[in-house]
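Student: Here it is, the structure, as structure tokens.
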Amino acid sequence: MKYGIVLFPSKKLQDLANSYRKRYDPSYSLIPPHLTLRASFECAEEKADQLVSHLRNIAKESHPLVLKMTKYSSFAPVNNVIYIKAEPTEELKTLNEKLYTGVLAGEQEYNFVPHVTVGQNLSDDEHSDVLGQLKMQEVSHEEIVDRFHLLYQLENGSWTVYETFLLGRGE
């Protein structure tokens, strides 16, 4: 089964992201706006209990964190993804690193760049045009996030919550 680990931001930030995702993100209908803490991975269903136990322990030893969104940016020229950048705080980086330990041990494919995607799979021209417009807009959003979510992918490609973990409590 394919899993992923994410933070879901507040409705206010999700609404902002969705105002662009509706038009510029083909994954709009498959998953709500989110910040990926650990890239998707495969795990046998019979190991799900081990996975959940490990994530509970990580949540228990972690604390709620500040999510501060600072600007629009892009992964171009590597790929044409436009996103709202989150400040990479120590707490966020530490949580990301913990999600590559124990039963989740493995190498990260990319450096951790905390963000919420607003557009992807854009042509070069569309990417340049949309990013140019967004960079003229100011982003100043801050919130406290007190949970992360283990998601799994359904057969139709959409993602749904398997379990939610409260930071500082492990529940």
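Cβ coordinates come from backbone N, Cα and C, glycine included.
Just so it is clear, the model here is predicted, and its values are computed rather than measured.
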Student: Quick one: sort out which of 63-66, 99-102, 115-118 is the motif 'HXTX 2' according to Swiss-Prot.
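Tutor: Swiss-Prot lists motif 'HXTX 2' for residues 115-118.
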Student: Same chain, outside the motif 'HXTX 1' (34-37) by at least 6, Cβ under 8 Å from its Cβ: which residues?
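Tutor: Residues packing against the motif 'HXTX 1' (34-37) from afar: 4-9, 67, 86, 95-96, 99, 114-116, 148.
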Student: May I have the DSSP-based helix, strand and coil counts for the residues of the motif 'HXTX 1' (34-37)?
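Tutor: Counts, helix then strand then coil: 0 helix, 3 strand, 1 coil.
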Student: About how far apart, in whole Å, are the alpha carbons (Cα) of H34 (active site, proton donor) and H115 (active site, proton acceptor)?
Tutor: 8
